[in-house]
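The following features are taken from TrEMBL:
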type    : residues                   : note
BINDING : B:Glu56, B:His581          : Mg(2+) binding site
BINDING : B:Cys75, B:Cys78, B:Cys575 : Ni(2+) binding site
BINDING : B:Cys78, B:Cys578          : Fe cation binding site
Amino acid sequence: MSPGSIRPISIRPAPMGTDPAILVLGIGNLLWADEGFGVRAVEAMQRDWVMSSNVQLLDGGTQGIYLVDRVRTADVLVVFDAVDYGLPPGAMKRVEGDEVPRFLGAKKMSLHQTGFQEVLALAAMLGDYPEHLLLIGVQPVELDDFGGSLRPEVKARIAPAIAMALEYLAQFGVVAQPRSDSSVDTHDLPHPSLALNAYEAGRPAPEVACRIGDERFLASLSGRAIHRGERA
Amino acid sequence: MSVVTANGFELDTAGRRLVVDPVTRIEGHLRCEVNLDENNVIRNAVSTGTMWRGLEVILRGRDPRDAWAFTERICGVCTGTHALTSVRAVEDALGIAIPENANSIRNIMQLTLQAHDHLVHFYHLHALDWVDVVSALGADPKATSALAQSISDWPKSSPGYFRDVQNRLKRFVESGQLGPFMNGYWGSPAYKLPPEANLMAVTHYLEALDFQKEIVKIHTVYGGKNPHPNWLVGGMPCAINVDGTGAVGAINMERLNLVSSIIDQTIEFIDKVYIPDLIAIASFYKDWTYGGGLSSQAVMSYGDIPDHANDMSSENLLLPRGAIINGNLNEIHEIDLRNPEEIQEFVDHSWFSYKDETRGLHPWDGVTEPNFVLGPNAVGTRTRIEALDEQAKYSWIKAPRWRGHAMEVGPLARYVIGYAKGIQEFKEPVDKVLTDLGLPLEAIFSTLGRTAARGLEASWAAHKMRYFQDKLVANIKAGDTATANVDNWDPKTWPKQARGVGTTEAPRGALGHWIVIKDGKIDNYQAVVPTTWNGSPRDPAGNIGAFEASLLNTPLAKADEPLEILRTLHSFDPCLACATHIMGPDGEELTRVKVR
């Protein structure tokens, strides 16, 4: 889906001077295949859309405690992440409000070092919790592929996930226009060498860099392990 | 059943086995198994982990100038320090000299990370191993205020302030979302603080959480953003324009003043909150002398924080370099990172293959070929292991050794080396803490010593930030605004083949990146990270690693609440998360407790 094909966003201007601080945060580790979904979603959102200045997009990576302050200062928080919902691989699901921490913590698939659930709890403890919270998660297909990129099923969810975020943000008066120029501000996005295309194109060939997943046994102890299946 | 290891530790595997196990596996996790004797004293310890599987897997064939951006992503906590190590490795390979200002700015960045990481580690990842949150709810705010005022002149210390925090804490606990407090062993007899000390510490936990955001603004100024600040081979990617008024990205006087003011606040917070808390907490645990492990025998630091640019010799490094072996503090060995006989990684107990596993490989020659096999005495299946067989391969961490010795790295190692070298700025604060607590020098070789060294180093780092900030400003005022050397930016200027090594002292210890560049591209890239040193498995000679050694002979107050194990492992600030499983003697899981 190209950005232009997303249905028009309903426009409801916010009252003057009361624009809420909106943070769209992608979390996860882009070096681990579908773990990179959240970061890739904000990257694409910044590339394809122009939004009002009260909307900030941030590649949060696996930074836990560093994100607490950004979360505290947001009135509206939208999080993109790979989430183990126990759904079929590639399934997308939105969760709102108080339900969010549960999904970010119940089956932690990645050590977003200080888990993001904990980031939310720390923000709450300091008395600054976003008034509105939306999690847009995609069930990963593959995590255990170090240096790999998003699988096609997950990559295909980026545009619908962005559409879902924009639809949600419309109620806060956010107007999004498809970007017509190439003047993308990549400030809070991954370094250009890590941008999706460069990252994928530069991956070492299997002949020069081993791609055999290490059969790390430990995940099975804490829930369902996500593997590519049995390996020789 | 008792054996003595090559590095002198007695192991006995007769008793029941207890497993401390990770929840997740993406970034590198620790599992620990110990054997307990009939008195719940640890008599054997097995540390195993999953770290990333070699950086060459993602970097081979890529542009060396981009390597820092990838290495910044491999770990959720050490981002900037990996980036710095990476640009140093590339500059070393290509013979690129950086401007003096870039050196000062990099040092400020690294010291900022050091101070921030130590502070966050102490309050948010380690304090709750010593501080009982639930007990804090029953503290008398007035007595808490008196306690706080007796140890520091930090202004936030009135009875009303502590009462407010206590009420906030109560509401939080009553709401049922304990969050970071969810998995504590609250009420364990291993907790020794009175309620007032607990309330003071929990209050400062919250204050530190609020304050840490200020410290990282320095990364935003000099690295352009945070998280994931920007770095540059050849210098720093920030232009200096002191007369500028907010030009995009340029460092002007206003930003320099901002950094300066944050440095002052950082020094104040560490010296008036962190250090007094550390000493106050330690005073209740003076008899908890466990966890020394390798620290009195074999410690290593690559050294860091070069005073002047482009000189990584011992004399120029403000964080001391050296190795101590066989417990001989009178002899500090020089370290040569290029010597193939010095730093080597072994894999005979790791899930990797070498052609000859009796030998170690220097990182420039390093290979990463997975080989997941369990020993004959392992219990369980390949995907659900109940007990490992430490006689065979048992870890995803390689075993790095310095001249064959297992080494401890990190703040305690750096302080032991600084102390042994007689450097006053390391020796004096150690002596002062020991005097204040009425403890002998040997007391530093312990879990608490490790935790104390981290606090002292946070203070050291904050004061050194001031030193380099002043140096930077003076240099700029003298007319030197250069921050980058791009003479060798073009790969056409590079040799056909080059090898380099970059090192830093990360908050948790010695970090090295070894790079081989061929035809302008990365041909090999190996990182030996601090937790690889500390968490390493056994080696062909049978030496045990720092985690393993540190757990030995520690008694557990309650075997089903192994708080003491977490205390000691957390004191290393490992880049890991763990959960505990308690296994019966037959491998049956008795209880399962998730831990931070």
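Just so it is clear, glycine is given a Cβ too, placed from its N, Cα and C backbone atoms.
Remember, predicted model here, so these are calculated numbers, not experimental data.
B:Cys75 (Ni(2+) binding site) sits 15 Å from B:Glu56 (Mg(2+) binding site), taking the CA atoms of both as reference points. Each residue contributes its Cα atom, and for B:Glu56 (Mg(2+) binding site) and B:Cys78 (Ni(2+) binding site) these two points are 19 Å apart. All chains included, 24 other C-beta atoms sit within 10 angstroms of the C-beta of B:Glu56 (Mg(2+) binding site). Counting every protein chain shown, 25 other Cβ atoms lie within 10 Å of the Cβ of B:Cys78 (Ni(2+) binding site).
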